[in-house]
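Undergrad: According to TrEMBL:
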- 137-146: compositional bias 'Basic and acidic residues' (COMPBIAS)
- 153-165: compositional bias 'Basic and acidic residues' (COMPBIAS)
- 215-236: compositional bias 'Basic and acidic residues' (COMPBIAS)
- 301-311: compositional bias 'Polar residues' (COMPBIAS)
- 593-606: domain 'SRP54-type proteins GTP-binding' (DOMAIN)
- 132-197: region 'Disordered' (REGION)
- 215-313: region 'Disordered' (REGION)
Amino acid sequence: MLDFFTIFSKGGLVLWCFQGVSDSCTGPVNALIRSVLLQERGGNNSFTHEALTLKYKLDNQFELVFVVGFQKILTLTYVDKLIDDVHRLFRDKYRTEIQQQSALSLLNGTFDFQNDFLRLLREAEESSKIRAPTTMKKFEDSEKAKKPVRSMIETRGEKPKEKAKNNKKKGAKKEGSDGPLATSKAVPAEKSVVPENGVELSKEELIRKKREEFIQKHGKGMDKSSKSTKSDAPKEKGKKAPRVWALGGYANKEDLDYSPPTTNGAPEVAPPEDINLIRGTGPGGQLQDLDCSSSDDEGAVQNSTKPSATKGTLGGMFGMLKGLVGSKSLSREDMESVLDKMRDHLIAKNVAADIAVQLCESVANKLEGKVMGTFSTVTSTVKQALQESLVQILQPQRRVDMLRDIMDAQRHQRPYVVTFCGVNGVGKSTNLAKISFWLLENGFSVLIAACDTFRAGAVEQLRTHTRRLSALHPPENHGGRTMVQLFEKGYARNQGFDVVLVDTAGRMQDNAPLMTALAKLITVNTPDLVLFVGEALVGNEAVDQLVKFNRALADHSMAQTPRLIDGIVLTKFDTIDDKVGAAISMTYITSKPIVFVGTGQTYCDLRSLNAKAVVAALMKA
């Protein structure tokens, strides 16, 4: 039994709606639009919302969306056939009204489709009930029964005919490829049918004789050619001068002097602009945008602008006109080869394999049936659609603005709490220190909670960061107020800190006891922001980590509405060049934004994500 079936335009106008069991379809359809259609996640034509399963189909030629909803506990096999039949009949019946492409005509149009829909629904339900009886396959119908009995009998010591033929072919190739230097293997002497002077030669003697004849004809030329290939250059005599390596010995003792230069016995003081380079993340503590361009980009662009000398004018003209689509609608067959190349390209750029398949499927659903211009190529159209989808994925529906949220918490006179979680070795403590420095630059006081009591040296690492951050922002520069402090053990006193950063121990996503402890920590402390710290080096592993962390937080939480991951910190971004696929995989699987990107080892190596720069690096060949 269906809950509802609705047809609406991509502009948001509902053309026709069927109400079944459900009272209203507004909530599920709005969730579908918000989470799938607007986020370019149309790789799968099914969507689950609470207790309902929604299946949809896009008509890109007329900009229509067909959606059917039913209870997810039901298995309705006729839904796909129903939605195809309704799509075909509705488009053919109201083609004139839809082609006018005006909202007023759609509003004034009358789409009396109730009787047609009920007829199609009844036919689909009946077709699912009528099934051909399954009969067992008889032996006479199998391929084995068609073979004669003699062909299936194998005598001991004999080889099947096919294998014998293959072996003969292989033996013939080996005999033909034997050169004059090949050595003969001992074979059993068999009588040959070729007589010579009345005496039958064995097979071994015949092969030896043919080899000697071949050597007499071609051996001399081969010897000359082999001698001529030898190098006539005389060898250098004597020992070369010893090479001095950078990590080896030094000739002068001045090379070992790394002390700072002095002027009249006093050390020179670094200019103030060098200190600013160390301390500043940007003017006023602002995060700079991520730059994914490499040093080779400029040279590549210059080389690409040069015309090819080997390609003629006619060849270039025909190559340009080869992929044009002359005002026709795109089909799956037109895009198949281009999408295959795009999928392989995404996987090579470190996008998870499943995510790459879903992205290409989403682009195919978006472009199928769309009418192209006269001078538009399939490759450029698919590439542009994929770029738009990737940019939309990297800009999720919820954007995290920490500075605004911290100021809102200040107005309510409470600290803003952030919890960091992730697997081992991804850089949680290091990037927590970078975020602390960024907050200090913006004038907020920070309390660092060292909750990683498992790893040796974890508390000492945060203590070192706290000491260095305190040196960069001493209390005397802030009216005697302590700007950063480490909380190791005991009970924290209310000292009016603006932000509390909680560092947790790293844990693998499959460790159930540790994931239960993490869910309890988040449930009890109720942080304002839960950040997952992940590496930019991983591919398919990023999907597994995020899915299992989110699932563990939901399953092991004691709250009625469990807290899940709110954002992502992507670390080690400076080690991957243009293989930026992990950013796509993480945001696609969770719909959560990448809040920070770590790009180095200093406190100022913290960036905000630039979606267009990441997509440009991802699409670069």
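Cβ coordinates are placed from backbone N, Cα and C, and glycine is handled just like the others.
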Undergrad: Near the domain 'SRP54-type proteins GTP-binding' (593-606), which residues from the same chain, at least 6 beyond its ends, have a CB less than 8 A from one of its CBs?
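TA: Those are 278-281, 287, 290, 394-396, 398-400, 402, 427, 430-431, 433-435, 437-438, 469, 472, 531, 567-574, 583, 586-587, in sequence order.
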Undergrad: Report the DSSP secondary-structure composition of the compositional bias 'Basic and acidic residues' (137-146) as helix, strand and coil residue counts.
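TA: Counting residues per DSSP class in the compositional bias 'Basic and acidic residues' (137-146), I get 7 helix, 0 strand, 3 coil.
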Undergrad: For the domain 'SRP54-type proteins GTP-binding' (593-606), report the average pLDDT of the model, please.
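TA: Across the domain 'SRP54-type proteins GTP-binding' (593-606), the average pLDDT comes out at 91.
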